[in-house]
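Per TrEMBL, the features are as follows:
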TRANSMEM  12-33  transmembrane segment
TRANSMEM  53-80  transmembrane segment
TRANSMEM  89-106  transmembrane segment
DOMAIN    109-377  domain 'NADH:quinone oxidoreductase/Mrp antiporter transmembrane'
TRANSMEM  206-228  transmembrane segment
TRANSMEM  240-259  transmembrane segment
TRANSMEM  266-292  transmembrane segment
TRANSMEM  298-316  transmembrane segment
TRANSMEM  371-392  transmembrane segment
TRANSMEM  413-436  transmembrane segment
TRANSMEM  448-471  transmembrane segment
TRANSMEM  483-506  transmembrane segment
TRANSMEM  541-562  transmembrane segment
Amino acid sequence: MSVSVGAVALSYFFFFLFFFFLMLVSGVLKGSVLVLEWEMSEKFFMEMGFCMVLDWVACMFVLSVLFISGCVSIFSGFYLSHENFLKRFFFLVQLFVLSMILLILFPNYLGLMVGWDGLGVVSFLLVVYYLSSNSLSAGMITALSNRIGDVCFLLVIGLMSSMLSYSMWGVLLMSGFFMGFLMMLGSMTKSAQVPFSAWLPEAMAAPTPVSTLVHSSTLVTAGVYVVIRFSEYLGELEKYLLMVFSMVTMFLAGSSACAEVDMKKVVALSTLSQVGMMMFVISVGANTIAFFHLLVHAFFKALMFMCVGGVIFYSGSCQDARLLGGAWFKLPLTSVLFLFSNLSLMGFPFFSGFYSKELIVGVCLSSNCGFLSFILLVVCLALTACYSIRSIGLVFQDMGLSSLSFYSMENSYYLLSLLLMMNGAVMMSIVMQSLIKEFLAVSFIKGSLFYSLLIMVVVFLFNLVLFFTVSMKTMFLGFSKDFFSSMWFLSLISGNLISVGVLTTISKYINYVEMGWIRTYLWQSGVKNMFMGMSNKVLKINFNMVGLVMFYSFCFLVMVFWW
């Protein structure tokens, strides 16, 4: 097992070093762009090609994905050391990472669709890895939600093919409402924005190393990356819609995380809140700041997931935060790194999350963002601090209910993955802070104004909850527990009402319509003979050269006179 884990991790770090030296040699950090295109227009009757784009955005994202994947591979050697089919797991993870790299490096729609669809298929296989009923239901919700985004991207390809172009540079071809709306809707499904948020906590049925990879730099952030790449397609209406949905997502995820007791789902809801914040920043036009927050968040969220995975593993695979505790004395290194990652998530001063979130607040104040949007942003930041402090307290306090015992000698794979991820998070924050000065005119806001407003909002929320708890204790606590723990009943609606209703309707349609009168009456009453006779004639014509020339001549005349 150690040989396979080491080989997989070394392969990721080798490609990490390869892209790092390629980035230095090509001068990408100085603003240059390297485009390699495979032109295939001569083989098809349209403008078609696969272009690989290497700019600072693609290179930094690929480096992050490869480094985090290498650390996750080492972490898998610790967390899944008891698995009998570890090679199968690594094979699925490598397909998952390959799909993400294809999506990053090939931003034209045909190349992007290969990586996009690969992420959807392999994510389903990873979610149902444990082969249980809960994993299957979570995998079905994940697959059905992501297929909506796949259909939107297929419709975009259809619109582009109607103009005989698949190029990402042809912005003027189809720059109308439908192109931007379909691209925005497809990205929202992959990034789990409202109303497609129910699948993200359900995907926690996958192994913890998969959750680390999914919630840091791959599946969830794929939608954010696509919106950043194709933000020129977004009109004013699409940006307003994206702003509304992202604000609702942030508030939903923050409020639900404050009531969730499953430790992995708390971290998943924090990811959902931060992805909503990235979408909000893109909606106000600050793509560079959104990408800065994406990379910084990827590293400290991966570190947070590894720490939570270690606590869960040493406590006997218990994910209930009420039964965990005492990690400060029993797992000191894990506790310190978990504390630092939560402080970065809250935006504590001089941590990497502090600089990205201060830029986000500054952009919100300097742009044409409304007063209500700014207040909701501050409320969401306050909720982030609330559930982060709550998770720290649940993990650190010694309640005496967990089977966690003192481990003076932690696993070497586990310690190595934590140390590598810790150093990677520090280096990424330093690199991004140096790059952000070159690609963005940074203007920080006054800290006294922001933090005074943030403290006022936190105090107001605390007094509001305290008032309802004292005045209507039983009714308020019961309703708030059911409401927030079920993500505003969104998981129940997505799982029971929408999924079951749609699947039942489709099955009835297939039984009564497609398998009924269409096959019985239409197909058997002459349509079958007509199609079979036409196909035989076409085959006979195509067997000789004259028929082939006639067929292509007819297609050429149709294209000339139609367009």
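Glycine is no exception: its Cβ is also placed from the backbone N, Cα and C atoms.
Predicted automatically and left uncurated, TrEMBL annotations should be read as such.
Note that this is a predicted model, so its numbers are computed, not measured.
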Long-range neighbours of the transmembrane segment (413-436), counting only residues six or more past its ends (CB under 8 A): 5, 29, 56, 60, 64, 67-68, 70-72, 74-75, 77-79, 81, 288-289, 292, 295-296, 298-300, 302-303, 306-307, 310, 333-334, 337, 340-341, 344, 351-352, 355, 359, 442
Do at least three C-beta pairs under 8 angstroms join the transmembrane segment (53-80) to the transmembrane segment (298-316), pairs 6 or more apart in sequence? yes
At a threshold of under 8 Å on Cβ distances, which of 89-106, 240-259, 266-292, 371-392 pairs most often with the transmembrane segment (206-228)? 266-292
Looking at the stretches 89-106, 240-259, 266-292, which one shares the most CB pairs under 8 Å with the transmembrane segment (371-392)? 240-259
